[in-house]
C-alpha cells in the first residue's frame, strides 16, 4: 500500500521520513498555498460570506498533485491548530484525494507519529470554520476601513481588526506615561537603606501617628522621606541622618516564619516568549522560529499552544528524570488548570519530547536552540517538583535617638533575610521577574549569625537616595504579548504576525527611550573597620527617569490613525469588543456557534458606519492654529499632519516645518516655543557653492552640506558652531573618504564610499536611506579597490551599523563627594557644598555629577 503524508512545513520531512521508512512518501504544502485575492474583497456576500480563494503557490500544488499519482492513501498532516486545520481543508479541496485521513500529532517522535496514524480521523469542520471566520472578519475590517483612512489621512494606510486594537493598547500606555509625568514631574522623596552586620535593611516609618507608643511603633511601611518646600528642601532627610550619627542601633525584634514558593506551570506560547525575552533578550519572532526548529527536530512538543497540561506519557517520563536526578523527595505531580477559553484545541504544554535528553550540546550546533531547549527542559522538570521551603527572618532594628526622644514620625530599620530550607523546584529553575528592583532589599544566602533581641548591631552604611516616582514601563514585545493574553485579544498563532504588521506599517517602532534628566542628591554614612565614623557625605547624581531600552512606542503616524479610528469606529477598537470576538471564534471552534452568524453581526455593525463616512468629505477637521508672526513677518501656524503635530513657517512660496515634541502639544504651544523650534535648520553660510546648514536632531546638532550629513563630534553648544567650525568638520570627514563608487546592485543604483574609520577601513553603502558599513578584508588594499571587489565586500551578510548618533556622543561626568561631619566635642559646625548651600559639617569637597538610568 502506497501512502503519502502531506505536512505543513518542509522542516519536518527528514525527521518523519526517518521514522516511517521507505513505504511512506512525505511532502510539504509550504504553509498556506491558497488565500484570498489581495486585489479584491474576495468574499461572496450572496453566499453567506464564503471566502473566494485563489492558489498562491501553483508550483507547490503541481508538485503535490504529481506526488499523488499511484498513491492509495493520503494523510493530511498539517499542524493541529486552526491554521493547520484550514491547510488540511485546502489540501482536500485542491488536491481532491479519493482516500484520505486527517493526521494529528503534537510531537515528532516515533510514538507520537505511530499513535497519530492509529487514531487518524477526519478534518474538524468547526476548526476550519473558526479560521475561516477570522480570515473573513479581518478582510472585512481591513478592506472596508482602509480606503477611508487613505482618503482622509493620505498614503497607503491600512487598518486591521486586531492590529488596530494593539496599536491602541500601545498608545494608551504612552498616554498613561505622559499623564503620570505631567502629574508627578517633580514628585521626589528620599528612600533610605542600610547594612547592619552584613544584612540589608530598609528604613520603615511607623503607621502610628498618635503620641509615641512602643507597642505599636514598629508596625509600619517602607519610609519615603519627603522633601520640604523651603530654602532647604532636604532638611528633613539631613536631620534624620544627623540623628543616625548620634544613635546606636539595637535589635528590637526577630521573627521567623516559614513560607513556600511554588513552581510555575510549563510553558505556553506566550510564557515561553516572555521568559526567552527576559532571560536571553530574544524577540518573540526569534523565539518562535527557534522553537519551530526544535519541534521539527523532534526535541519539543508543538510550540503554538495555550495549554499548560502535560500528557500521561509526559508525566511518566518527567517523574523518572526527577527521581533519578534529584531523588524521590523532590517529585510532586502538579496539575495545572488552563486559563484560555480555547485551550482544548492544543492538547499539551510546550515540553521536551525526551526529557532524558538533558541538553542539546553535542546534538546540534545552533546556540539559540541549545539555550531555548535548556529553558524548556528546566521549566518542564521544575513544574513537577515540590515547592521550595523558605525561612523568612524579619529583623527590626531600632534607632536609639528615635526611641529615647520618642520622636514622631518614628523611624526604624527592617531587614528581611531569606534562607532556603528545602530548594524543591528551585534546584532546577527560577522564573525571571519583570522588575528586579522589587527583590533588591532582600538578603539571600546570609551566612552571618542572626543577632538576638536587645543586642547591639554594627552599622556599616546608611544611604539616603533621592528618588522620583517612576512612570509605568512601556511594553516590550514580550510584555505586550502578556497584555494581549490578559485582555483575551489574539491567540498564540497570531501574536507574532500582529506585532510584526504594526511595526512594518510604521504605526509603532521598537526603540530606546532616552528618559528625562533629573538631578538627585545622595546622603551616606559609612563605617570603616567597624568604627562609627561621625560623618555624612553628600553626593549629587543625574538619573535618566523613564529610560528604557528596546520598548515599543507609537509613531506620530500611528497616533494619527488611532485618533481617526477612535473617533469614527470606537466600538471596533474597544478591548472588550475584540476580546468577545475572540471568544465567539472559540465557540465556533467547538461547534457552539455558527460562523456565519458571527460574521453577519459584525458586518451589520460595520457597514452602515462605512457607508455614512464614504458619503462625507473632510472628516479630518483642520486643527490648524495661527500662532503669529516672527520678527521678519513670516506667518507661523501649528497644525496636525499624518506624521504628527508640527509648527510651520511660510517663507515665500515654501513652508519650513518642525515637529512639536513633549511636553509641548498642539493645544499648548505658543509663538515663542514655535520660533525656537523653527530656529533650525540655520544657514551658516556657503562653502564651495553649497549652503552649510546647522540641523538639530534627536541626538543633538549636526551639519547638512551638499546632500550629506556631518557629525560635530564633541560640540553640543550651538553658540560654538559657526561657518569655520562647520568647514573643519566637513573637511575632517572628507579626509577619511578614500574613494567613491557609483554602482548597480540588483538593478538599483547605489553609492559606496571607502572610508578610514576608528576601527579600520570599511565600505559604507546607503540603501533606502539606511546606512550600513562593511569591513574591508585585510588582504585587500583600500586605496586600490575595484568595483567588483566592492560588490563582493557588500554582498557579505555580516554587517555592523554605524553607532555614533548625529551630533556626536554625550559626555558622562564622574561623581565625587561632599563630606559633612558631626564632631564629638560640639553639637554642630558649619559646612558648605559647591552650590553654596549650608549644612552641618566640618569640610566640603567639590561636587560633580554622573549620569545613570532609572
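Yeah, the Cβs are placed from backbone N, Cα and C, and that goes for glycine too.
Summarising the annotation, Swiss-Prot assigns active site, O-(5'-phospho-DNA)-tyrosine intermediate to 302. Around residue 302 (active site, O-(5'-phospho-DNA)-tyrosine intermediate), taking its Cβ as the centre, 26 other Cβ atoms fall within 10 Å, counting all chains.
According to Swiss-Prot, the Mg(2+) binding site annotation covers 8, 79. Reduced to three states, the DSSP call for residue 8 (Mg(2+) binding site) is coil. Long-range neighbours of residue 8 (Mg(2+) binding site) (same chain, six or more residues apart, CB within less than 8 Å of its CB): 28, 29, 31, 77, 78, 79, 84, 87.
Residues or ranges marked as compositional bias 'Low complexity' by Swiss-Prot: 814-834.
Per Swiss-Prot, domain 'Topo IA-type catalytic' is recorded for 124-610.
Per Swiss-Prot, the feature region 'Interaction with DNA' maps to 158-163. If you look at the region 'Interaction with DNA' (158-163), the same-chain residues 6 or more away from its ends with a CB under 8 A from one of its CBs are 137-138, 141-142, 145-146, 149, 489-490, 494, 498, 501-502, 505, 507, 561, 565, 572, 578, 581.
What Swiss-Prot lists as region 'Disordered' is 802-854.
Look at residue 32 (site 'Interaction with DNA'): DSSP puts it in coil. Of all Cβ atoms in the shown protein chains, 16 besides its own fall within 10 Å of the Cβ of residue 32 (site 'Interaction with DNA'). As annotated by Swiss-Prot, site 'Interaction with DNA' applies to 32 (among others), with the evidence given as similarity to another entry.
For 134 (among others), the entry in Swiss-Prot reads site 'Interaction with DNA', with the evidence type similarity to another entry. Its Cβ placed at the centre, residue 134 (site 'Interaction with DNA') has 26 other Cβ atoms within 10 Å.
In three-state terms derived from DSSP, residue 135 (site 'Interaction with DNA') belongs to a helical segment. The Cβ of residue 135 (site 'Interaction with DNA') has 36, 51, 86 as same-chain neighbours under 8 Å, each 6 or more residues away in sequence. The site 'Interaction with DNA' annotation in Swiss-Prot covers 135 (among others) and rests on similarity to another entry.
What Swiss-Prot lists as site 'Interaction with DNA' is 138 (among others). For residue 138 (site 'Interaction with DNA'), other Cβ atoms within 10 Å of its Cβ number 16.
Using a 10 Å Cβ-Cβ cutoff, residue 143 (site 'Interaction with DNA') registers 18 neighbours. Annotation note: residue 143 (site 'Interaction with DNA') sits in a helical segment as assigned by DSSP. Sequence annotations record features per position, and here Swiss-Prot assigns site 'Interaction with DNA' to 143 (among others).
Its Cβ taken as reference, residue 304 (site 'Interaction with DNA') is surrounded by 26 other Cβ atoms within 10 Å in the chains shown. What Swiss-Prot records for 304 (among others) is site 'Interaction with DNA'.
Sequence annotations record features per position, and here Swiss-Prot assigns site 'Interaction with DNA' to 505 (among others) based on similarity to another entry. The Cβ neighbour count for residue 505 (site 'Interaction with DNA'), using a 10 Å radius over every protein chain in view, is 19.
Taking only the Cα positions, the spacing between residue 134 (site 'Interaction with DNA') and residue 302 (active site, O-(5'-phospho-DNA)-tyrosine intermediate) is 22 angstrom.
Residue density at residue 79 (Mg(2+) binding site): 24 other Cβ atoms are found within 10 A of its Cβ, drawing on all protein chains shown. Within the model, the region 'Interaction with DNA' (158-163) carries an average pLDDT of 96. Among the recorded positions listed here, namely 32, 302, 304, 32 has its C-alpha nearest to that of residue 505 (site 'Interaction with DNA').
Annotated pair residue 143 (site 'Interaction with DNA') and residue 302 (active site, O-(5'-phospho-DNA)-tyrosine intermediate), C-alpha to C-alpha distance, rounded: 33 Å.
A straight line from the CA of residue 32 (site 'Interaction with DNA') to the CA of residue 302 (active site, O-(5'-phospho-DNA)-tyrosine intermediate) spans 18 Å.
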